[in-house]
Amino acid sequence: MAAATRGCRPWGSLLGLLGLVSAAAAAWDLASLRCNLGAFCECDFRPDLPGLECDLAQHLAGQHLAKALVVKALKAFVRDPAPTKPLVLSLHGWTGTGKSYVSSLLAHYLFQGGLRSPRVHHFSPVLHFPHPSHIERYKKDLKSWVQGNLTACGRSLFLFDEMDKMPPGLMEVLRPFLGSSWVVYGTNYRKAIFIFISNTGGEQINQVALEAWRSRRDREEILLQELEPVISRAVLDNPHHGFSNSGIMEERLLDAVVPFLPLQRHHVRHCVFNELAQLGLEPRDEVVQAVLDSTTFFPEDEQLFSSNGCKTVASRIAFFL
């Protein structure tokens, strides 16, 4: 994939984007040596909020709540020269609805190096915390990593993927970094951003969206107030979620719970058009229809929502070209 440029433009395939996320987890170069000013260091933090808004508007299908919440939270945080706490977002929803895509966009539009910036840190339970029996070592290593990197540069982004699979109790070590204290362990951390990604709450979000459709309500009429309580309850009731035994939700350390709604057929069609445009191809009706016909929708009676969102669109297009 060609090197990404900043500004609103056609975005690469989601699969390629997720590949960059994995690469970013191990990225580290000499740029880390050029910044040693601690709390006053901006490093390669170069926010482009208009570009982010434009990209979200053009390429994120069917997520009016996520777009509004993420942009509002980022604007307030970035424009505050002295925030009182880090920005902490928790993204929830069904698979393929755009959670990882949005987190990747944030890295791209906030840091000059994008996902390859040494200030962007990605954690996956499968890659970084695979053995629950090693939880105490993981806690020590995670605390040291976060503290060390925030000491090097307060403007850092920490992405925690698949929170459903994180060892319960691990996130407890992050709690001191997420609150409104001025200094933790000698480190000024108030300009950091923490993003947690989870499928938990997806079923509850889907049910609210389904009931709205059955009541002939536009999905844009669905309010955060309808979704936030059921998402929070789903997380708190799940003993296997990464927030379990952490105190993060109980102490209200999240600045926003961001719901991602299930995608309908016309949203998947939008994803197909975007992917074809990225490939430099004109939309062909037979290809678009073939992708839609090969996509599974649910519930069984209504056939309303895509089972995998837009997650498999790129691979399906490759198959039908």
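Indices start at 1 and increase along the chain as displayed.
Any Cβ shown, glycine's included, is placed from N, Cα and C.
Residues or ranges marked as ATP binding site by TrEMBL: G93, W94, T95, G96, T97, G98, K99, S100. The domain 'AAA+ ATPase' feature in TrEMBL is assigned to 85-227. The signal peptide annotation in TrEMBL covers 1-26.
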Mean per-residue pLDDT computed across the domain 'AAA+ ATPase' (85-227): 93
Lowest local Cβ density (other Cβ within 10 Å) among binding-site residues: T95, T97, S100: T95
Candidate with sparsest Cβ neighbourhood (10 Å radius) among G96, G98, the listed binding-site residues: G96
Cβ neighbours within the same chain of K99 (ATP binding site) - under 8 Å, at least six residues apart: L91, H92, G93, I197, S198, F260
Spatial neighbours of W94 (ATP binding site) that are distant in sequence (at least 6 apart) but have CB under 8 A: N199, G202, E203, I205, N206, F260, P262, F305, G309
Around the Cβ of G93 (ATP binding site), the count of other Cβ atoms that are within 10 Å: 28
Sorted by sequence, non-G93, W94, T95, G96, T97, G98, K99, S100 residues with Cβ within 8 Å of centre, ATP: Y101, N199, G202, F260, G309, K311
Number of helical, extended and coil residues in the domain 'AAA+ ATPase' (85-227), per DSSP: 72 helix, 25 strand, 46 coil
